[in-house]
Amino acid sequence: MIIIKNGTLLDPASNRSGMYDILIDEDRIARIGACGSLDDMAAECVSMKLMENPAAGEELSEIDASGCIVAPGLVDCHVHFRDPGFTYKEDIETGARAAAKGGFTTVVMMGNTEPHMDNVATIKDVLERGSKTGIRVLTCGNVTKGMDGKELVDMDALMEAGAVLFTDDGKPVTDSEIMEKACIEAAKRNMIISLHEENPELITNNGINAGEVSEKLGITGSPREAEISMVKRDIEIAEKTGAEIVVQHISTSEAVDLIREARARGVKVHAEATPHHFTLTQDAVLKYGSLAKMNPPLRLESDRQAIIAGLQDGTIEMIATDHAPHSREEKQKELTQAPSGITGLETSLSLGIRELVNTGFLTMGDLIDRMSAGPARVYGLDAGRITEGGYADLVIFNSGEEWSFVQSVSKSSNTPFLGQRLPGKIYNTICRGKVVYFHG
Ligand SMILES: [Zn+2]
């Protein structure tokens, strides 16, 4: 058993915050009580267990969470673990390790793997391997076979195999007819389609915003219209079909506005924002080169502010890292040739604290909501809350204490934040009652 003492519990899902102790038995939260009130109960439980089964050698371990926040284990519904197919960048085990270090206990993998997540065997394989990592590794299923945007997958089969959402992330579903068909089929099954919204027809060089910076670099870049037009189309399709959709990694103020308006008239559209889109602008490309190249690209300060406003008023319900590992060799290619994306699991909470909470835009409770309860709510996952009898998925961190991000536990370290000192030191990540990460 584990007793977590003297921490400040912060659980947006139940609206509970304050000083509490938490007693964990096996994989569940046995009791939440006032500080010091659970000691006798914990000792009694342990001695009873010992009497029942002395060979098991039950012990009570204590975690002192003084000065720390105890929050629900974080949930990230958008990670690329590159497994199978590209395991030189990341694999399920190293990805899960990076997630645990960043406070995450539940992640959903994207399906631009090789083979793709368009078939039962691959989904079963990654879930089987994910179940051995200590955290909850879930997966999407693709929308179309081979992510080629032409033929729908067998949704029932992929759902039965365990897919929790459908997406062709990395690519939009460009054909409107296919998109509409996918929405109708997903709606019948109460499943969400999560969308990478960039119209490739409008893009010559992806990953860099078309504008001042791309001009300075002498490249064409990716125009904001590429996102806006797709978001507009897919809101229309969602409205027409009654389907529920998620706009992934939103990057433009116009798209935030479109989603806010659509939600107000009852369209079932959700959005996620990445830490890099609420932290950086296109100027970062001049400083960090390919480490600031991502799809969709970093855009203007006014876009960054609109994304923060969206997170503030709940238009954007989820923070998702879009953790996208690439090898050093790949990222060292010239800007137009280097692949898009950065890693994000180890720095997401810290960037949220630095850019959203310490600046006064979000309360800590709202940040934790967007990083745990929010995504759990949208996708209907059993995660993102701290309740008696519920799973013991927790993160314990000191929001005021800084740490140095000197080494990544991911296989890749393609992030502009490497080497920085960041607020929000994580001491423990606990998943299903087991400590999956700790820092002394
Ligand atoms: Zn994407």
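Numbering starts at 1 and runs along the chain as it is shown here.
Backbone N, Cα and C atoms are what each Cβ position is placed from, and that goes for glycine too.
In TrEMBL, annotation is done automatically, which means it is predicted and not curated.
All chains included, 28 other C-beta atoms sit within 10 angstroms of the C-beta of ASP322 (active site). Annotation source TrEMBL lists active site at ASP322.
As annotated by TrEMBL, Zn(2+) 1 binding site applies to HIS78, HIS80, ASP169, ASP322. When Cβ atoms from all protein chains are considered, those within 10 Å of HIS80 (Zn(2+) 1 binding site) total 25, not counting its own.
Taken from TrEMBL, the feature substrate binding site covers HIS80, PHE81, ARG82, ASN112, ASN295, HIS326.
Under 8 Å, Cβ to Cβ, and six or more positions away along its own chain, HIS249 (Zn(2+) 2 binding site) finds HIS78, HIS196, GLU272, ALA273, THR274, HIS277, ASN295, PRO296, ALA320, ASP322. Positions annotated as Zn(2+) 2 binding site by TrEMBL: ASP169, HIS196, HIS249.
According to TrEMBL, the domain 'Amidohydrolase-related' annotation covers 69-436. In this model, the domain 'Amidohydrolase-related' (69-436) carries an average pLDDT of 98.
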ASP169 (Zn(2+) 1 binding site) and PHE81 (substrate binding site), Cα-Cα, nearest whole angstrom: 13
Integer Å distance between the CA atoms belonging to ASN112 (substrate binding site) and HIS80 (Zn(2+) 1 binding site): 8
Distant-in-sequence Cβ neighbours of ASN112 (substrate binding site), under 8 Å, six or more positions away: HIS80, MET147, ASP168, ASP169, GLY170, LYS171
Neighbouring C-beta atoms (10 Å sphere around the C-beta of HIS196 (Zn(2+) 2 binding site)): 22
Longest CA-CA distance among HIS80, PHE81, ARG82, ASN112, ASN295, HIS326, per record bound to substrate, angstrom: 17
Winner by Cβ contact number (other Cβ atoms within 10 Å) across the binding-site residues HIS78, PHE81, ARG82, ASN295, HIS326: PHE81
Distance-selected binding-site residues near ligand 1 (C-beta under 6 Å), from HIS80, ASP169, HIS196: ASP169, HIS196
